[in-house]
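Positions annotated as transmembrane segment by TrEMBL: 20-41, 354-382, 419-441, 461-483, 495-522, 542-561, 573-590, 596-617.
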Amino acid sequence: MGLLSDPVRRRALARLVLRLNAPLCVLSYVAGIAWFLALAFPPLTQRTYMSENAMGSTMVEEQFAGGERARSFARDFAAHRRKSGALPVAWLERTMRSVGLEVYTQSFSRKLPNKHLEGMVSGINVYGILRAPRAASTESLVLTVPCGPESPNSQAVGLMLALAAHFRGQIYWAKDIIFLVTEHDLLGSEAWLEAYHDINVTGMQSSPLQGRAGAIQAAVALELSSDVVTSLDVAVEGLNGQLPNLDLLNLFQTFCQKGGLLCTLQGKLQPQDWTSADGPLQGVQTLLLMALQQASGHPHGAHGLFLRYRVEALTLRGVNSFRQYKYDLVAVGKALEGMFRKLNHLLERLHQSFFFYLLPTLSRFVSIGLYMPAAGFLLLVLGLKALELWVQLHEAGVGPEEAGGTPGSSPPLPATQRVGLASLVAPLLISQAVGLALYVLPVLGQHVAAQHFPVAEAEAVVLTLLAVYAAGLALPHSTHWVLSTQAPDRSWMALKLVALIYLALQLACITLTNFSLGFLLAATMVPGAALTKPSGPRPLRAALLVLTSPAAALLGGLFLWQRLQEAPVSLAEGWRLFLAVLAQGVLAHHTYGALLFPLLALGLFPCWLLFWNVLFWKR
């Protein structure tokens, strides 16, 4: 306490903070980036292991041999789908009943924010329930196949029906098994989940479910594009960055290894040699792909919506590529049979393994305790800059005696150099109002824009977003028009101090729930926030601040994603992809409740506008 109460020592501490602030900020930022990249290297990455005793003690013997039956079901499903032009509901009902399931249907409809009333999306879900002969329908498992206009998923439907017929002949099931076929991909899955749990969080209009099973313990979504596969790719990222329990992923990998199936993550094979640099470098690419996918907040498959309801789930995608070794539907069916039989042993929900993790490969993971310091180093930069500004403001607002000098050693600071908090109200209110307009106007004004301009409603949403975003760049002129000419010279320091604290709090909260989103935003926004001030080479600082804005971070993330996917795009293609992602972000928020759009519009963009206002502050 003496260090803070003694004016002389406090003055010395302030000088130390000001002198070492810049090198400490640079060191902290570099340490954060380096820590994240080092996560793919041992010993920060650890081997995965099964934590749930009920699933890791013994293996099961798979007996599925219905490959030909699965292909027959797939051909019939594809033929009826082509004939009807929609999901063949009657054929599915008839086929599910023939294999011994209780069959039910559910109709649903949803008006999308960029569709007219006559464009309302409607569909029908079909599901069958296999009742457990050894339990009282208190718990259940789900095998779901999403079907959409561009992804008929015929082979997945055929394999699901063949597995249902095989499961029907077994007597060891202790949990009900639900075989679900949804229409319109994620829309059908969301409609069924809301009806099953008797809630409505997205405004979906659907009929109530006539048949129910027990509480859903786990779910697997299946997507197959051909009768043979060369590998199975697993998707774990769910809505708003949620992840399933790591034991479910370990279970999938275990049965892939047992059956000799190649399994991939983010489309990348597992590196075999971790002693050289090649393995960890490939792990860095997979880690970055997972971080970008998780940061988007968009579910990477139908499983992503189950995670919202505390149901552990993942999506399996069959890939048929140029690789030499190919596997038929029997191998995939055996892996699914093994997974469901092990999940059938569960006595409680999966909870013993990690829910927060990063994956450089399927066989290695990074726990939350090891990746959080990377974000902590980046947020420390904001804290150091805020401390520097606080010290400068404190020195400007005290007299010479309180500052530690002798009376008369220096004249007191004039009143014009004292901070006026009233000057902060206008930029705070205007920046937040611009953020609110960015959130509200794209959807509310789409019909007006489509009526008065030759654009479609989806294009009107994107154009409105860009217009409001660009209008925010006029914020400094608006605030200075509102402010009095008697504004203090050092008010920009107080405004930047508030902006730094505001940004640090937002990034910290985001990092706790979605580490990838918080880290990537911090990595891009922190440099511009730290270096912004209304002096020096203003054009260079303005260029840096624009390049570190939320929109520029999104655009850069898209280019990085395409590069890591080994499918680089040109500037024109990247811009078109950027516009499409903007429309998808707004649609995902209003349809499924994705939070990335409101976080950027109502939180980070107004905060960035505060730094933009600081840069053009009239001193």
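One is the number of the first residue shown, and numbering goes on along the chain from there.
Each Cβ is built from the backbone N, Cα and C atoms, and glycine gets one as well.
Counted over residue pairs 6 or more apart, the CB atoms of the transmembrane segment (495-522) and the transmembrane segment (573-590) come under 8 Å in fewer than three pairs, which marks the two as apart. If you look at the transmembrane segment (542-561), the same-chain residues 6 or more away from its ends with a CB under 8 A from one of its CBs are 288-289, 292, 295, 469, 520-521, 524-529, 531-532, 568-569, 574-575, 577-578, 581, 600, 604-605, 608, 611-612, 615. Each of 354-382, 573-590, 596-617 was scored by its Cβ pairs under 8 Å to the transmembrane segment (419-441), and the highest score goes to 596-617. Within the chain, the transmembrane segment (596-617) has long-range Cβ neighbours (under 8 A, six or more residues past its boundaries) at 240, 295-298, 427-428, 430-432, 434-436, 438-439, 469, 472-473, 475-476, 479, 491-492, 495-496, 498-499, 502-503, 506, 510, 517, 521, 525, 528-529, 532-534, 538, 541-542, 545, 549-550, 554, 585-586, 588-589.
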